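What Swiss-Prot records for this protein:
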- Ala253, Gly293, Thr294, Gly295, Lys296, Thr297, Leu298: ATP binding site (BINDING)
- 141-151: compositional bias 'Low complexity' (COMPBIAS)
- 114-154: region 'Disordered' (REGION)
Amino acid sequence: MSDEQSSWRSKLLLICQQTRSSSESIHFAALKDHHARLQACESMEKAMKERCQKKITMSRRTKRGITHAGYLFEMPHNSVFEPECRGFYESCQQTEMASSDLQAPALEVSSTYPVQQAVKSRPEGQFPESRNNSTKKIDAQQYSSESSSQSGFGFRTAREQLIMDELKKKNRQATSEVDAVPTGMMNFRKKTLGGKRTVSSNFVSPVAQNDNSTSSRSSSIPPALAHLDSKMVDHILGESMHDFKPVAWEDIAGLESAKSTFLEAIIMPLRRPDLFTGVRCPPRGVLLFGPPGTGKTLIAKSIASQAKAKFFSINPSSLTSKWVGDAEKLVKTLFAVAAAHQPAIIFIDEVDSLLSKRSANENESTLRLKNEFLIHLDGAASNEEIRVLVIGATNRPQELDEAVRRRFVRRLYVPLPTREARQKIIEKLIHQVKHNLDVRQVIELAELTDGYSGADVDTLCRYASMAPLRSLTPDQMEVIETHQLPAVTMDDFKQALRVISKSVSSEDCKQFEAWNEIYGVRH
């Protein structure tokens with residue numbers, strides 16, 4: 001047996017081995033294709049031998065001086081020398097097929113055989129039509145039907161490459177879709193897990209990719225954020241960006257001096273940035289500190305409502321990740337998203353837990369997160385064109401890092417509500433329920449709640465308003481109407497005062513006042 005016959009026999013054995021677990025139709029088609037290639041190779045060899053014999057005969061006659069005046073050599077048809085290529089069987093080059101090539105997944109060899117780039121992206125036989133009427137159009141459907149009859153081991157033949165090049169020239173606007181091939185091409189490869197990789201193999205993700213969801217998600221992202229990770233942008237928009245009910249200044253009792261400062265330094269610059277430029281550039285970092293429950297978060301929402309700005313509420317969990325380096329990227333994405341939706345307000349509640357004092361024993365990832373936040377916070381304050389305000393709220397200003405304290409230019413103290421402020425809070429809350437309190441009793445309640453924070457007064461009023469419901473039995477509560485409920489009385493509030501106590505001590509207030517004397521803004 002010659003070497004060529006041994007080679008063809010080895011190919012036949014490899015095909016039988018790879019298709020033994022496939023259906024009978026696929027197995028029969030593979031054997032039939034192999035036989036056709038063998039016949040084409042034998043016919044080509046026969047033609048080559050005949051041509052060589054004619055050349056030898058002509059050379060001998062020339063040497064003997066025998067010529068034929070009317071002899072005209074006719075070039076055989078190209079199909080004699082170049083039979084239609086069927087994948088990896090190119091008889092003219094005598095290329096051998098190795099077992100590793102049969103084991104490699106067909107879709108992974110994208111750089112060598114780019115015809116498989118978009119096998120699943122287009123139905124069979126649908127190619128973009130050419131708009132150039134001056135050139136000859138190629139019937140894509142006919143090409144699809146011809147290609148579907150080929151065996152197609154995932155390779156691109158010279159004829160296929162020529163047709164693809166012509167389609168690309170005629171369809172400049174659809175070059176991304178031209179690489180698609182008909183799905184009808186037969187693929188005899190047996191799918192394996194962890195097949196042998198070759199030099200030309202590309203990485204294939206083990207997770208199936210959904211192109212439709214990715215494109216729809218990326219289309220909702222503004223063009224200014226196209227350079228960022230779409231997943232991080234969605235995370236910031238989903239976790240931090242909130243739509244809340246607008247809060248007016250009248251909803252905040254007291255703090256008249258602080259309101260004037262907010263209006264001058266924050267609200268008007270955000271609404272009229274053309275007036276506040278150069279030296280008049282407003283501060284972009286504001287720190288609200290004071291006892292808990294004094295309305296620091298409510299003030300931030302009111303500022304966002306008055307300035308007609310987007311409100312981003314940040315907590316430490318929104319900027320942390322188990323992957324190294326992702327926390328810094330989330331901080332960068334946060335400021336980029338806020339700049340894209342300007343005017344915007346980034347509110348960081350309990351900022352001391354995120355930007356506390358740095359130490360040598362601190363975790364490296366936490367330290368990098370703080371440094372990245374400080375860099376962007378300083379950048380937001382130095383760029384006059386970006387209307388992004390960063391508001392931090394804390395009840396432990398002593399724990400803040402010195403660099404953070406410097407970047408929060410305006411440090412405003414939010415104290416406990418005064419007697420007039422507590423009176424307004426009580427009047428606003430009891431107005432929602434049926435009561436029989438007069439102005440004198442409301443003033444008395446405001447004096448009895450000295451040292452209470454705004455949250456404490458709110459809790460007191462809610463507890464007192466539940467007294468009429470507590471006086472009812474379960475059976476009465478089932479049948480009673482809303483207008484039949486008893487009114488809230490002064491005795492109900494006195495009972496609530498015995499249950500609800502203040503949550504802020506006088507020592508805590510002295511510490512806040514001392515820190516305000518050193519670092520705070522004096523109204």
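Just so it is clear, glycine is given a Cβ too, placed from its N, Cα and C backbone atoms.
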Binding-site residues: Thr294, Thr297 - member with fewest neighbouring CB atoms within 10 Å: Thr297
Residue among the binding-site residues Ala253, Leu298 whose Cβ has the most other Cβ atoms within 10 Å: Ala253
Binding residues Ala253, Gly293, Thr294, Gly295, Lys296, Thr297, Leu298 (ATP) - maximum C-alpha distance in whole Å: 14
Neighbour-count leader, CB within 10 A, binding-site residues: Gly293, Gly295: Gly295
Other CB atoms, at most 10 A from the CB of Lys296 (ATP binding site): 24
Additional residues surrounding ATP, by Cβ distance to the Ala253, Gly293, Thr294, Gly295, Lys296, Thr297, Leu298 centre under 8 Å: Ile252, Ile299, Val414, Ser453, Gly454, Ala455
